[in-house]
Amino acid sequence: MSLSLWQQCLARLQDELPATEFSMWIRPLQAELSDNTLALYAPNRFVLDWVRDKYLNNINGLLNDFCGTDAPLLRFEVGSKPLSQIISQTVTASVSAPSAPIVRVAAPSRPSWDNAAPQPELSYRSNVNPKHTFDNFVEGKSNQLARAAARQVADNPGGAYNPLFLYGGTGLGKTHLLHAVGNGIMARKANAKVVYMHSERFVQDMVKALQNNAIEEFKRYYRSVDALLIDDIQFFANKERSQEEFFHTFNALLEGNQQIILTSDRYPKEINGVEDRLKSRFGWGLTVAIEPPELETRVAILMKKADENNIRLPGEVAFFIAKRLRSNVRELEGALNRVIANANFTGRAITIDFVREALRDLLALQEKLVTIDNIQKTVAEYYKIKIADLLSKRRSRSVARPRQMAMALAKELTNHSLPEIGDAFGGRDHTTVLHACRKIEQLREESHDIKEDFSNLIRTLSS
């Protein structure tokens with residue numbers, strides 16, 4: 001039985017799983033087949049536990065499909081497979097694989113200042129907030145992959161996920177994860193040189209270096225860190241000199257296996273005003289989206305925040321707030337802080353009626369902004385169709401998919417029941433609305449385009 005069995009499994013898993021999941025969890029695995037046992041080697045315990053928990057049934061099912069009763073036993077281990085296996089497979093692959101053109105890349109010459117006399121030890125401004133850790137980051141379906149990727153980077157900086165690019169709307173937890181990674185790296189190695197900053201700080205530092213004729217010191221500082229964490233990379237847009245310098249810094253860090261993590265409010269290729277060569281490099285490692293939190297995650301965030309403040313928040317109150325404030329975590333926490341402050345000032349118990357009063361203007365604004373009519377108008381404009389098409393009986397995909405999207409958004413962003421949503425879409429049955437919601441949820445898992453459409457529309461409607 002040859003190791004091509006695992007290659008067959010990989011091919012099927014790549015077809016069946018979303019690309020991000022496959023790249024994050026399956027691709028790093030190494031395999032060794034011996035004595036009717038398939039050993040899968042994971043780079044660390046975190047990956048091993050995740051794969052065994054999430055994909056064990058998938059892998060066993062494929063082994064049974066390919067081998068029937070002769071399927072090998074499956075064993076998981078942390079580490080790498082024996083070197084002899086790697087050499088053997090490399091030789092086999094080189095013989096069996098079709099020849100491909102060999103591209104040789106010249107090693108970049110080291111900057112002249114590298115050959116100068118030893119420089120004084122640099123002092124690093126970490127700027128990592130110790131309050132933001134993985135332990136106090138509330139995980140949900142909307143951010144699960146992003147948290148898992150960040151955790152892996154913290155455990156193995158400079159490894160497979162370099163760079164790590166996190167993107168999503170404002171207030172969804174990207175910055176929290178950046179700090180959590182920084183804290184994780186420094187917890188494992190106390191003297192690690194970890195630098196967190198907003199992209200504008202990089203620009204400001206470069207401008208000062210140019211003004212003070214200290215650009216070589218600037219380069220040495222940024223190219224000698226162990227991990228560079230840059231928030232809101234989209235602010236590099238149209239800053240050509242900054243992009244040029246960051247391009248070379250990026251290359252130097254990657255060459256040195258130093259970790260880079262970037263965040264943005266949009267997918268790399270959608271960042272206008274940034275050079276294509278930079279956008280291409282942003283996607284070299286792993287790119288993960290953070291979605292707006294679903295209801296259960298919003299409730300969990302409120303409960304955890306209340307607990308941190310030693311406040312007892314009744315479950316029904318948390319659900320009341322979470323159902324009405326949906327756009328981002330920052331808005332949720334701000335609303336809860338307001339409720340807590342009002343309760344402390346007045347000495348009153350936190351009830352639904354009290355919350356209605358404390359958040360009166362915020363709730364009124366939210367209800368005014370997000371209506372089914374507004375959703376229909378926004379979706380129609382986004383997909384360049386007519387509102388009448390959404391209400392019609394037409395079933396062509398160019399109309400049906402936007403209609404399903406609008407129904408799913410109505411369920412997510414309003415307090416209307418399924419029958420009420422159905423009535424607003426040409427008198428459709430509530431089961432049609434339920435099917436639309438489930439279909440969009442499924443497509444968000446499978447299609448990057450649908451996921452992006454949903455996030456863009458949520459952002460537009462919640463702004």
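Even glycines carry a Cβ here, placed using N, Cα and C.
As recorded in Swiss-Prot, the features of this protein are as follows:
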- 1-90: region 'Domain I, interacts with DnaA modulators' (REGION)
- 91-126: region 'Domain II' (REGION)
- 127-343: region 'Domain III, AAA+ region' (REGION)
- GLY171, GLY173, LYS174, THR175: ATP binding site (BINDING)
- 344-463: region 'Domain IV, binds dsDNA' (REGION)
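Positions of the features from Swiss-Prot, shown on the structure.
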residue : record           : Cβ contacts under 8 Å, 6 or more apart
GLY171  : ATP binding site : SER327, ASN328, VAL329, ARG330, GLU331
GLY173  : ATP binding site : PHE137, ASN143, ALA146, ILE290, VAL329
LYS174  : ATP binding site : ALA146, LEU166, TYR167, GLY168, ASP231, THR263, ILE290
THR175  : ATP binding site : HIS132, ASP231, THR263
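Note on the region 'Domain IV, binds dsDNA' (344-463): DSSP counts are 93 helix, 0 strand, 27 coil.
Across the region 'Domain I, interacts with DnaA modulators' (1-90), the DSSP tally of helix, strand and coil residues reads 55 helix, 17 strand, 18 coil. The residues near the ATP site, meaning same-chain residues not in GLY171, GLY173, LYS174, THR175 whose C-beta sits within 8 angstroms of the mean position of the site's C-beta atoms, are GLY168, THR170, LEU172, HIS176, LEU177, THR263, ILE290, ASN328, VAL329, ARG330, in sequence order. According to DSSP, THR175 (ATP binding site) sits within a helical segment.
A mean pLDDT of 81 is what the model gives for the region 'Domain I, interacts with DnaA modulators' (1-90).
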